[in-house]
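The structure under discussion appears below in the form of structure tokens.
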Amino acid sequence: MPQKRPTLELGSVLVVGGCGFLGWHIVDQLLNFPSETDASVALPKPEGDSRFDNPRLADRYPRCVAKVSVLDLRTANNRLPGAQYYDGDITSEESLLAIFRKVKPDVVIHTATANVLEGNKELLRKVNVDGTKTLLEVAGGDRGDWGGKCKAFVYTSSASVLHDTQSDLKNVNEDWPLIRGKLQLEYYSDTKAEAEEIVLKYNRASPSSMVTCALRPAGIYGEKDTTFTFKVLEHAAKASPTVLRMQLGDNNNLFDFTYVGNVAYSHLLAAYRLLATQTRYESGQSGPLDHEKVDGEAFNITNDSPVYFWDITRAAWALAGKVVEPNQVWQLSEDLLGPVGAVLETVFGLIGKTPRLTRRIVRYSCMTRYYSCEKAKYRLGYSPIVSVPEGLSRAVGYVLARERLESEKKGL
């Protein structure tokens, strides 16, 4: 007999950034996967290829009972039936209060972030730090009366807050310190770490005693992914067979790649646990024991199955029809390509462009970077539902199907 799915009752949930990559998947799960039942919002996949046939997600993730609202800067795209959508600016108190008065959320899930690849420091700080603080204080009742009380606030941080972008990380847990200031070479990660500190410090400190937590996903990929999956397949499409045989480093470096649906699931579990904690506090009971505590805590979120970096890259290429056999691989030294990347960055920088090979790409292709998610498994009840290979099948299938649809529209 099929296993009975648990039910998560979450009340009124406001997903901030709900039209983005992760946010869309959170909304889809909250609404019990209209993407699998409504043809108008179905995720495309290649037809007639069993490699892209996967079990239904709705049969495996919990059923949710929630009133779902979405706040994003622009909500014209990536909509799902069953949710209410609001255009808003998290850096504007006035904009947020107007939306909160309509939604009256019990839970805020904050996924909105400035794009890490833009490199605009002013924008990164304005959105990731100042915007998070404004949203947090509006939700907690410190910035005006919106006629309700938000009970729980879940913040999407990043596993990169524990990483200096250079060192190898092996099974790192939440005891590892945040990498801040001069030690942090990536400004995006510094802003995410600062925002995380603000969110966790705000736990039970607001007029409404709202409880908070932060989740740190590592290497998110999946349908609608515009970073890892898209760029790996873009490279496969443009590169010659000779270039595809080139491997940066020795491929002994394990790396975390986490399916976006599992990350979305962790957010719903966190919201559910926070609501349970808030109920305890409101009823006068003592809070959870330290080793069970969710509020005021940060959690690493992974697929609990690190993979060799080039194995998953070549697996993605193979799904797209670009197969590179192990005996065809040419191993190139990181010590050689790092300086080459630096030279290319300098040359391309003179004409205002970014080369395809940079020092960052070389380092990330060669480093070991994986985390422990034991804390999330124990305290949130988290366990990845979709495996890394299935997630890759879903992610690659989506990109290939979208490309086919776009070609058909153009009449090519």
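Quick reminder: no glycine exception, Cβ is built from N, Cα and C everywhere.
Per Swiss-Prot, NADP(+) binding site is recorded for 17-23, 89-90, 111-113, Y188, K192, 217-220, and the stated evidence type is similarity to another entry. Annotation for T111 (NADP(+) binding site): spatial neighbours V15, V16, G17, G18, G20, L22, G23, I26, T156, H267, criterion Cβ-Cβ under 8 Å with sequence separation of six or more.
When other Cβ atoms within 10 Å of the Cβ of Y188 (NADP(+) binding site) are tallied across all protein chains shown, the result is 22. Taken residue by residue with DSSP, Y188 (NADP(+) binding site) is part of a helix. Taken from Swiss-Prot, the feature substrate binding site covers S158, Y188, and the record attributes it to similarity to another entry.
Annotated active site, proton donor per Swiss-Prot: K192, in sequence order, evidence recorded as similarity to another entry. The C-beta environment of K192 (active site, proton donor), restricted to residues of the same chain at least 6 apart in sequence and closer than 8 Å, consists of T113, N128, S157, S158, S160, V161.
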* **Intrachain C-beta neighbours of A218 (NADP(+) binding site), sequence separation six or more, cut-off 8 angstroms** => A159, D256, F257, T258, N300, I301, T302, R369, Y370, Y371
